[in-house]
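Notes for the one structure printed next.
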Amino acid sequence: MKAIKIAIDGPASSGKSTVAKIIAKNLGYTYLDTGAMYRSATYIALTHGYTGKEVALILEELEKNPISFKKAKDGSQLVFLGDEDVTLAIRQNDVTNNVSWVSALPEIREELVHQQRRIAQAGGIIMDGRDIGTVVLPDAELKIFLVASVEERAERRYKENLEKGIESDFETLKEEIAARDYKDSHRKVSPLKSAEDALIFDTTGVSIDGVVQFIQEKAEKIVDMS
């Protein structure tokens, strides 16, 4: 049976990662968290106090401490920078609020996209992000673009933060998500937009199971036809 490439794009907190992880597990595919890669680069920038003018130093740190993914005993995915487990650190609010400017740096995107394409070559992979279907995997057999209202996405982020013990204010989250949407869709390099051949799916009011079922059925149909 042919293993395909699945690209899931969408704005912040549209459910991309949650859905992608479940589908990868169900299909026996590899899940590549591209957002975690950009968050890791952002974590490096913030930890060392680097600005957008010091891209070479961020890349140097990435080379010294490469991004890798490992599985925890419970099956969840851990993110490492070199030997440092940054799984929780890269989800903190300061990283979330700065990832847009770091991910907009052309040199950072070029390096991480190169890594992502190399990993995806063999197929049997599902990636989520903001430019997977348009830039990273334009040849993906299935492209999905998830959308949801700012209100619903802020509520999801608020619940996620509660579960992780991160303090947050709902109204502030709404403002931050709206600002992130604007930054991501207006950046010069790889702006957030759906691929022309992507299936657009509004997840507002739709359960995770409902979104998973929709995408998985599309994937299985493509596999059956190939």
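Quick reminder: no glycine exception, Cβ is built from N, Cα and C everywhere.
Secondary structure from DSSP puts Lys16 (ATP binding site) in a helix. Annotation comment: Swiss-Prot describes Gly10, Pro11, Ala12, Ser13, Ser14, Gly15, Lys16, Ser17, Thr18 as ATP binding site.
Taking the Cβ of Thr18 (ATP binding site) as reference, residues of its chain lying under 8 Å away and at least six apart in sequence are, in sequence order, Ile208.
In this structure, Gly10 (ATP binding site) belongs to neither helix nor strand by DSSP; it is coil.
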